[in-house]
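Feature annotations, reproduced from TrEMBL:
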TRANSMEM  21-40  transmembrane segment
TRANSMEM  60-80  transmembrane segment
TRANSMEM  100-121  transmembrane segment
TRANSMEM  141-162  transmembrane segment
TRANSMEM  174-194  transmembrane segment
TRANSMEM  232-250  transmembrane segment
TRANSMEM  270-290  transmembrane segment
TRANSMEM  296-317  transmembrane segment
TRANSMEM  329-348  transmembrane segment
Amino acid sequence: MIFNRLYFNRGILYQNFRQHGWLGLVYLLLLLLSLPLTIGTTYRENAEEITSLFQVRGELLWFFAISIPVVMGLFLFRYIQAGGPADLYHSLPLKRKHLLTMNLLTGLVMILVPIWITAGVTGWVSTILEEPAYIFDGTAVWMWGVTMSIISLFMFTLTVAVGMCIGQSVLQGLTVYGICLIPIVFLGVFGLHLNRYLSGFPNDKFEFGSRDISPILRISNLGYVPPDWGELGIYAAMTVILVVLTYIFYRKRHVESATQAITFRMVKPIFRFGFMFTVVLISGAYFTMIEPNGSKYWGVVGYIIGGIAGYLGAEMIIRKSWLIWGRSLLPKFAVYAGAVALVLYVPVADWNGYASNVPTSDRVEKVRIGGEHFTYVDNQYIKIDEDRFYSTNTGYIDAVVTLHQKIVDSDLSLRPMGVNRVVHDEEEVRIDYQLKNGEKLSRQYFIPTSRFQEELMNMKNWEDYKTTRYETYFLDGDVRNIGIRSGYHRDRTVFITNLQLIREFKALLKEEILEQSYEDQLSPWETFASVEVYMNFPESSSKLLLDGVNRSATYEIKPSYSRLIEWLKQNKLYDQLRVSADEITTAQFIKQEINSPGNLKMVYADPQFIDGNPQSKKMIVTKNKKIISELLQRQRADFYTENDTVYQIKLNFIRGQNTYMMLREDDLTEDMRAILLDN
């Protein structure tokens with residue numbers, strides 16, 4: 001009887017529901033309008049079979065789950081943030097733990113009742129529809145209810161726990177969402193800091209799956225990858241921990257701390273450091289991304305500005321005034337600035353051994369170049385089985401380790417991080433080692449190709465590299481059909497559906513790829529044709545069948561693939577792809593001068609440059625069939641340059657779509673030079 005009166009006081013419960021019960025009704029109304037109403041009113045000619053109710057306006061439902069419970073927490077515990085209500089409630093003949101239990105119970109009811117009413121209505125609606133737009137079973141309804149309940153309760157208890165440490169409702173709400181975004185700040189922005197100042201740090205170290213750890217950004221892929229039991233278990237465990245912390249904090253909280261920014265003295269330095277460090281990271285990241293060419297210190301300037309702004313902002317929030325100046329301000333700032341600088345410096349310091357760590361070949365079990373591979377299927381990205389990308393070939397391992405060691409010994413300058421930054425003669429090298437002791441070591445570098453040409457050639461001449469780089473393993477799978485498109489005329493396509501021809505083509509293509517030289521891999525010329533291989537590819541790691549409609553691999557037929565080109569001729573496919581000079585009436589040339597020192601420009605075959613040619617640009621037109629035939633034998637691929645002379649070229653066909661191409665001035669034949677350089 002005493003337990004019921006103290007822990008479940010009817011007067012407190014009645015007052016709570018009378019004053020704040022409308023929030024539960026709003027939650028119920030929003031959920032009903034978003035889920036069962038949508039399911040009941042949507043019409044589709046072909047019903048869509050779904051495995052999760054979050055595939056039906058899941059982003060909106062998740063938004064409600066991370067926002068409405070926060071509002072409930074702010075309103076239910078508003079009394080501890082205002083002086084008058086705090087004195088009134090704490091003068092009642094109830095212990096704090098009893099008062100807290102009443103409010104937590106109120107929030108629990110206002111959250112769970114709307115969710116499970118909505119789940120019941122959704123299940124009922126799905127059974128009475130004669131022509132449903134969505135087909136799902138009871139498990140989907142049950143899982144939706146459990147997910148919404150756990151996430152909503154997590155956000156509610158987080159709001160309450162934060163409220164015990166914060167004395168202002170507005171700051172309380174902002175802090176809740178700030179905490180939810182902290183993982184992204186540290187994994188994303190701090191990862192950018194490491195990528196900028198720590199040589200070899202992979203820029204995708206925290207990228208894939210990082211959004212799943214923030215309930216706010218989780219909304220972006222909710223409809224594709226609904227929460228599983230492991231993720232829900234983590235949120236449930238954190239909810240229990242937050243409830244325990246709430247009771248501890250509430251017992252120690254002083255009534256007079258209402259309206260204060262921070263209620264506990266021990267929390268103030270944590271808040272100062274956390275706020276300052278967050279602003280430092282964001283400011284440093286911003287200045288790093290906009291730093292101009294040749295600048296090394298913009299990021300450091302960003303950290304300094306962020307440190308000053310972050311500390312002053314934290315002090316103003318804590319003191320609730322901009323009048324924070326005093327003798328102790330500068331010494332305290334120096335202490336916090338030193339702590340932040342230490343956290344930023346230690347991970348990127350030379351003496352920690354990260355940048356110089358190169359494993360010896362005898363320590364490496366297998367190695368991979370190029371990083372992880374993902375495929376997009378069933379509305380989600382799935383990581384392809386890693387084993388096929390690793391090589392245990394000792395010769396290949398030696399070549400990779402040799403390249404890695406030279407990169408480290410060369411002590412390359414750190415790479416700028418500007419937006420869309422392009423560096424001449426630069427190549428990305430991503431190395432992943434699986435060591436014999438079970439550890440994994442990953443590094444990523446951007447190196448000048450010319451300085452490492454010998455080491456790159458030794459590595460790239462191995463079939464192990466070509467298999468991964470050009471994805472030849474797909475050619476070992478079950479291929480449905482093959483499409484080939486001419487590189488000279490996009491309308492020229494052929495398809496191979498005969499199984500025997502498919503097997504022969506696959507075998508020849510794989511041989512040509514694996515036997516190509518280092519020079520062929522760096523060829524500056526456009527390909528003769530592109531190949532699209534459509535397949536049914538069983539992915540062992542995901543246990544899914546990647547259907548050929550969703551999965552294909554693209555390859556090139558380079559001019560150097562002589563055996564494959566001869567095979568196309570023998571099977572009467574070559575003539576369907578090639579272009580004859582007799583099909584072209586004229587070739588138009590316009591000279592393009594590239595002069596942008598310090599700023600690399602991408603040069604490509606630009607139709608607008610010719611078709612939109614102002615009268616000031618001289619155009620040379622020729623009908624010479626020899627020149628046209630020579631043009632069909634050479635097309636320069638896209639490239640970057642600061643200073644160069646190119647010719648934009650248009651081939652006018654008798655019938656069909658015209659073709660655009662380009663050549664550098666050095667690529668011109670004698671006949672071309674005769675009409676272009678002498679005019």
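Even glycines carry a Cβ here, placed using N, Cα and C.
Between the transmembrane segment (141-162) and the transmembrane segment (232-250), the number of CB pairs under 8 angstroms, six or more residues apart, is three or more, so the stretches are in contact. A contact between the transmembrane segment (232-250) and the transmembrane segment (100-121) is present, since 3 or more of their C-beta pairs, 6 or more residues apart, lie under 8 Å. Between the transmembrane segment (174-194) and the transmembrane segment (100-121) there are fewer than 3 Cβ pairs closer than 8 Å, counting only pairs 6 or more residues apart in sequence, which means the two stretches are not in contact. Through the fold, the transmembrane segment (100-121) approaches residues 7-9, 12-13, 16-17, 20-21, 23-25, 27-28, 31-32, 35-36, 69, 72-73, 76-77, 141-142, 144-145, 148-149, 152-153, 156-157, 160, 243, 246-247, 250 of its own chain, all at least 6 residues removed from its boundaries and within a Cβ separation under 8 Å. Using a Cβ-Cβ cut-off under 8 Å and counting only residues 6 or more beyond its ends in the same chain, the transmembrane segment (60-80) has close neighbours at 16, 20, 23-24, 26-27, 30-31, 34-35, 53-54, 86, 88-89, 103, 106-107, 110-111, 148, 151-153, 155-160, 163-164, 169, 172-173, 176-177, 180, 215-216, 218-219, 222, 253, 258.
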